[in-house]
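The block underneath contains the structure these notes are about, expressed in structure tokens.
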Amino acid sequence: MTSTKVNVDLVRERAKCTFDLKELIHFVDGGEEITSERKAFEETVLAIKELKDDIPEDYLSHKERYEIAVRKACILRELRLRHDQNKPLLPERPTYVYNILPATIKDISPFYLHETMFLATIWGLMNDEQKAEWLSKALDMKVIGTYAQTELGHGTFLRGLETTATYDPETEEFILNTPTLTAYKWWPGGLGHTVNHCIILAQLYTQGKCHGIQPFIVQIRDLETHIPLPGVHVGEIGPKMGFQTANNGFLGFKNFRIPRKNMLMKNSEVKKDGTYVSSKSDRLTYGTMVVVRVNIVNDAAMQLSAAAIIAVRYSAVRHQSQLKPNEPEPQILDYVTQQRKLFINIATGHAIRIVGRWLWKTMLGVIQKILEGNLDQLPELHALSCCLKAVCTQDCTAGIEQCRLACGGHGYMNSSNLPLLYSHTTAAMTYEGENTVLLLQTARYLLKTWTQILEGDTKLNPTVLYLLNFAKPTDYRWENTNQGIIKGFQAVAAGKIKTAYDTASKHVSAGKSQEEAWNLASIQLVEASEAHCRVIICEVFSNEIQCASNTLSPNLSKVLQQLVELYLVHWALEKKGDILLYSTISKDDIPALRDRYEELLALIRPNAVGLVDGFDFRDEVLNSTLGAYDGRVYERLMEEALKSPLNAEPVNSSFHKYIKPFMEKAKL
Ligand SMILES: CCC/C=C/C(=O)SCCNC(=O)CCNC(=O)[C@H](O)C(C)(C)COP(=O)([O-])OP(=O)([O-])OC[C@H]1O[C@@H](n2cnc3c(N)ncnc32)[C@H](O)[C@@H]1OP(=O)([O-])[O-]
Ligand SMILES: Cc1cc2nc3c(=O)[nH]c(=O)nc-3n(C[C@H](O)[C@H](O)[C@H](O)COP(=O)(O)OP(=O)(O)OC[C@H]3O[C@@H](n4cnc5c(N)ncnc54)[C@H](O)[C@@H]3O)c2cc1C
């Protein structure tokens, strides 16, 4: 049944492509050199036969899956140690190393939290002396750790965390305690049975006073035997919607002592006698979360791109129904409704990747300033990372689901890989700050900015500067152009911020407290935040493609411009109610937008397969019966089905045990 031939529809589609595929791949990677490095790393990983699977993971037990994931995680870590030597912990751009990981550990690595938040917290929140002690040990895996912040009772409201760290000046130690069931740490990846250390976020008590939450590095298992240390109660939290191999865990402490120097003291400090020296800003304790939120934007783009590749290739291979009588069944990709489901997700994959890189660069600039002692840009970075993490994971999750639906019944098969991709992006809507909560954080920043404007202060941060144009009546007029649509979105964001501000003020005037007014206005606040975020995505995507066009070939540039326009027109149509309410568009402009949207679908159609090939994901990464490069969809579906252990015997024992007696009983 195996054949190496590529499906004829895909061959035909690829022949239609109007641009140079290699040029697109280099553009996506960020340059030819990066493409070569990435590919070389992928080849190295894929050449390791111990990283390949014999049996699909779906048929293994929870325990077996975890054990295999740990084995593979060790091989991969060793490889990374060699690969990352002399590379900065926070590279100039998001690393491509993660791109290949789904080809090895299909779900999440039990070392994931070690490699991300544990290392990032050591790097960001330890003082130089502590870093000298811990960083190389952590990089070399002499200690393995996680980031343990969330508790059974609190994930969002960090000030409500209940774990305590009480300083004892007699012994110069902190005593960790989990005073209630709800104080148990709950969720940290790798915590269950993998790590021997944790960054613990706990309420610091010294000299009889609470100083809020502070980070501590805590050994929880013996380094030789891996047995939990006395006073530590640790375990795994059990199966979830996804993340089966992440080894998420719970953890409680009973009078567990750690040395004073285990408090991460880059920002705040507890002296030997118990004197607390506070940080320049207590928000610096939250620094790791900002870095990870930025990273999530980039991850989400990868996951949506994978889903788009799978669904577009499948739609080129799949034929169904009849467009015209007596003609062969068309490729489902020719149905305009199918194009509507898919092409926006190609555009969104590019948009979010580009915004993710821009945000990464912005973050590096702000971190540099913070290292020099200047915190001025931290609020803007926090506001940006919160709304972009929220909107991008939301869009990618919705996009992956749309791709699954676009694959009909076969999209529901685990072997399509769409369910796993969905489980990852939907988890990202919750972890690292629940999306609604993060949008409200950005709204807080936007309302402060609006107050600033009303007070006549025009010195605004760059990403909110546009609001000045809409604070007073303007002579701006709607235009059906890219810039016109972006201006329209700006008008919507400004209008929604103003409305939310007015609503909150109205409640305060009616006698409500600021906090009550905030809650009463919160639906509008979330909408304002989303609208502001859409402005950022549209602007950055459009500007970056415009800039890149100066160096790209006209053919590629034209296709990328079409994707930008599709993205803008799609969202203008999706949000036409808001645009009609807040911008100067008239309802007579809408049909022209709709016509242009349909024209764009037709223009993109010949390049659809070329565009998804341009994301350049290996088949091993896609791990999909529907999305492989050769389009052998039906053969792969059957090959995978035959791997079911139930198919290993013609009659399952349950027939003789249950069904047959049951049928016989029914005959009586
Ligand atoms: C693979 C999976 C891995 C997953 C891992 C995890 O999930 S790990 C677990 C991940 N867990 C989560 O992500 C938990 C999510 N929860 C949180 O991050 C916080 O508790 C909170 C932000 C929701 C509220 O916090 P709060 O009640 O303490 O604060 P507040 O609302 O009263 O605001 C006070 C001021 O602080 C500012 N500010 C706040 N954060 C930051 C920041 N990072 N930077 C800079 N600034 C920040 C804010 O703007 C405000 O400024 P203003 O207006 O006064 O000038
Ligand atoms: C797959 C996965 C991996 C994770 N990994 C880790 C990890 O490694 N380390 C770690 O420490 N944690 C981890 N977490 C925990 C995660 O960070 C929290 O679950 C997340 O921050 C949300 O907090 P919560 O669960 O308390 O949700 P809640 O805050 O209880 O949210 C429930 C609902 O309440 C609403 N809500 C809460 N507060 C407000 C508010 N102020 N205003 C309006 N609405 C509100 C939310 O919008 C939501 O609808 C992980 C979680 C998941 C799902």
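Counting starts with 1 at the first residue shown.
Just so it is clear, glycine is given a Cβ too, placed from its N, Cα and C backbone atoms.
In TrEMBL this protein carries:
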type: ACT_SITE; residues: Glu432; note: active site, proton acceptor
type: BINDING; residues: Thr150, Gly189; note: FAD binding site
type: DOMAIN; residues: 21-144; note: domain 'Acyl-coenzyme A oxidase N-terminal'
type: DOMAIN; residues: 286-447; note: domain 'Acyl-CoA oxidase C-alpha1'
type: DOMAIN; residues: 483-664; note: domain 'Acyl-CoA oxidase C-terminal'
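Counting only the Cα atoms, the space from Gly189 (FAD binding site) to Glu432 (active site, proton acceptor) is about 12 angstrom. For Thr150 (FAD binding site), applying a Cβ distance below 8 Å and a minimum sequence separation of six or more within one chain yields Lys185, Trp186, Trp187, Pro188. DSSP assigns Thr150 (FAD binding site) to coil in the three-state reduction, outside any helix or strand. All chains included, 27 other C-beta atoms sit within 10 angstroms of the C-beta of Gly189 (FAD binding site). For the residue listed as 'active site, proton acceptor', applying a Cβ distance below 8 Å and a minimum sequence separation of six or more within one chain yields Met289, Val292, Arg293, Ile296, Lys389. Helix, strand and coil counts from DSSP across the domain 'Acyl-coenzyme A oxidase N-terminal' (21-144) read 86 helix, 0 strand, 38 coil.
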